[in-house]
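Working notes, beginning with the structure itself.
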Amino acid sequence: MTALARPQPRILPGFSLSMGITLLFLCLIVLLPLSGLLWQLGQLGPGDYLRVMSSERVLAALRVTITAAAAATAINGVFGLILAWVLTRYRFPGRGLMDALVDLPFALPTAVAGIALVALYDRSGWVGQLLEPLGIQIAYTWWGIVIAMAFTSIPFAVRAIQPAIEELDRDEEQAALTLGATGRQMFFRVLLRPLLPSILTGIGLSFVRSLGEFGAVIFIAGNMPYETEIASLLILIRLDEFDYPAAAAVAGTLLALSLVLLVAINVMQNRLQSYLRSEG
Amino acid sequence: MAKPILIALALMFLAAMVLLPVVAIFDRAFAEGAGAYLAAIRDPETLAAIRLTIIAAMIVVPVNIVFGVAAAWLVARYRFWGRRALLILIELPFAMSPIVAGLCFLLIYGAYGPVGAALEPYGIQLMFNLIGIVLVSLFVTCPFVMREILPVLQVTGEAEEKAALTLGANGWQMFRHVVLPNISWGLAYGTVLTMARAMGEFGAVSVVSGAIRGRTMTLPLQIELLYNDYNATGAFAAATVLTLLALVTLVLRSVLNRFGPNREAHA
Amino acid sequence: MSFEALDIHKSFGDTPILKGVSLSVAPGEFVALLGPSGSGKTTLLNIIAGLAHADRGRLVLDGRDITRLPAGKRRFGMVFQSYALFRHMTVAQNVAFGLKVMEGARRPPRERIAARVGELLEMVELPDLADRYPAQLSGGQRQRVAMARALAIDPQLLLMDEPFSALDAQVRQSLRGEVRALQKQAGVGAIMVTHDRAEAWALADRIAVMDHGRIVQFDTPDALRDDPATESVRSLVEGVA
Ligand SMILES: Nc1ncnc2c1ncn2[C@@H]1O[C@H](COP(=O)(O)OP(=O)(O)OP(=O)(O)O)[C@@H](O)[C@H]1O
Ligand SMILES: [Mg+2]
């Protein structure tokens, strides 16, 4: 805490230089743009803000975004846990490839992911062809948005859960088994509880990521106002109409939502961890 | 018992969700044959987009390296007021919607924003050109280098650096001969990640690029343009370029995981 | 070179760690800093090396005040507790480092550096391991490399923080004599931190006994035995001499 104004120079050289570079970069690239958004929101005033936000189209876009993100997160919660478990606990041929595949959605540019998903799920795509006779359509519907969001956020779920599984106490599992716990009891008591903080973190991160996803979604979404139009796209549309205040209002809301969630994840993680520890 | 079922489930999920879409890209790119594919790649607009994307990345990557190394050094080696806030600020761009990010830049650096308006009389325009693309790319790649180096610095500790100091090294010599070799693997991977992300960013760039055909179209924007023009081969051919970049990133990651020193630090 | 530390104070937060420590090293003298764990030995050594700042007190080298001189300008050779060898440099590069980073005019030409490194490795009896990396060395070999590296800069004072603590008893015994011989040969004053009273007795011209951030007695081994200043020094001495 005895920070910047200490009379004696620090032992390791480079404090002023690295502080200067870091602050300069953060000011120009992060802080100033963020303040740009705040500035625009400030000019808007609460009345205008509420008027923008209460429009049918904005509400519909937020509803579509949030429900789809929730559905994608549910999928990733289940499969993220399975993937993390399989990758940490089992050794089998092809495991390395599987591990790399998990990161692919992170490495793949979102626009590429977007057109790839359409190519797969539209009427002529490999999966779309199969589903069409059954009367199921994914591309250009709400489900398409869910698939795209699930795709881009898989790595976040898996990588958040993995370290916790690595740390799990195997002895405890063995003890539970020898004490006659059934597989299901063991799963819920011995496994799920200590994993809970990181599972919640994983799905939280995956939800935040889904809320903001754009490139992967817009190609497959259909983008019909009120039905398959996500919040990010609506911001872009308002921008193209030079309606900066409306764009800023929706953007501010989306940003606030993400930030609240991130802080909540952080706080919850700390709380749960200390709670679990105190339970011993 | 559970093991084969779980492995099968995991495999099926990954194959359907991740592998299949990537295969589909190549399938569509080559749907009209290899000749059409090559012609699509050699399209002048696509080549211009590739060129612009590379130029932007060549500016973004070195700047991000300087920032990432400086920030990691600062956070790993010093305690100061506001250190935690700094860390959160660096991670923030990662959690933001790219569209919101692009909008933020437009609102401050655009013609109607305070900074943009102040610079306009001097004929300086920051948005809808290469500068704008570089700025938002710096934003979206902000934590990548720093995040790879920080844990390495924390694990290696200060002892070698202090030893170098007692032996008479100055700050630059200590950095060059002791710090840099220790962080080189993390730096390499962070650089690759930054490059891949800078070349692949779509949402934020689409807000600030202005999308002038053949002039301010990066490769991802060009893919969208071709796709909306119903030029499927063109769009997917361009997409294969970025897909290969992503695959190279992944290969490098596993190489570094296997052979790089100190990777256990990342657990 | 004579060295003096005068009335050094140091606190971490509100906890005083050094409460007015004074110490002197005559030219060529070997001083042992002996004391229980947590008594502040490493802290004091770091302050002397320039790797930490004292809150109060002065450091004097040959009459010159060096309190605020940066570590790199002091030319004190330091052997760290964990050796802190450069892991990505070979043994030879480790030893050469201090010569290579010297400023323009003072830096010896390349051949001279190579010759000096060869000499030093000869001296610590490791001439064959010049191209190995630290990870490929045993504990005792690492200790010798650290020693050679510290001596390479022709130090004005040699500082050693528990140089043998990572070694087993046998290696420790044999290295002790060597270190003392090397120090004599280099003609340099030395301060060695240690837990081990036998080690202090075997090596030191004078021993500074530290406890709770103070030096309770600073004298020759014989004087400590004949005239212990406190009960704690008396119990320390018993059974050694
Ligand atoms: N950076 C620090 N911050 C806070 N307290 C510290 C710090 N470094 C050392 N201390 C405290 O100062 C005291 C003296 O530490 P020091 O390392 O000098 O002891 P020592 O005599 O070298 O012990 P040992 O023989 O175990 O190495 C200890 O109580 C330690 O906890
Ligand atoms: Mg110590």
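Any Cβ shown, glycine's included, is placed from N, Cα and C.
Annotation comment: TrEMBL describes B:48-74 (among others) as transmembrane segment.
The feature domain 'ABC transmembrane type-1' is assigned by TrEMBL to B:50-253.
Remote same-chain residues near the transmembrane segment (B:86-112) are listed as 71, 74-75, 120, 125-127, 132, 135-136, 139-140, 142-143, 146-147, 201-208 (criterion: CB distance under 8 Å, separation of at least six residues from the stretch ends). TrEMBL lists B:86-112 (among others) with the feature transmembrane segment.
Positions annotated as transmembrane segment by TrEMBL: B:124-146 (among others).
Listed as Cβ neighbours of the transmembrane segment (B:186-212) (distance under 8 Å, sequence separation of 6 or more from its ends, same chain) are residues 53-54, 56-57, 60-61, 64-65, 68-69, 97-99, 101-103, 105-106, 110, 127-129, 132-133, 135-137, 139-141, 144-149, 151-152, 180, 218-221, 224-225, 242, 245-246, 248-249, 252-253, 256, 260. Annotation source TrEMBL lists transmembrane segment at B:186-212 (among others).
Annotated transmembrane segment per TrEMBL: B:232-252 (among others), in sequence order. Here the transmembrane segment (B:232-252) has long-range neighbours at 22, 25-26, 28-29, 31-32, 36-37, 40-41, 43, 46, 49-50, 188-189, 192-193, 195-196, 199-200, 219-220, 222-224, 226, meaning same-chain residues at least 6 beyond its ends whose C-beta is under 8 angstroms from one of its own.
Distant neighbours of the transmembrane segment (B:48-74): 86, 90, 130, 133-134, 137-138, 141-142, 144-150, 153, 179, 183, 187, 190-191, 194-195, 198-199, 214-222, 238, 241; these residues of the same chain sit at least 6 beyond its ends, with a Cβ under 8 Å from one of its Cβ atoms.
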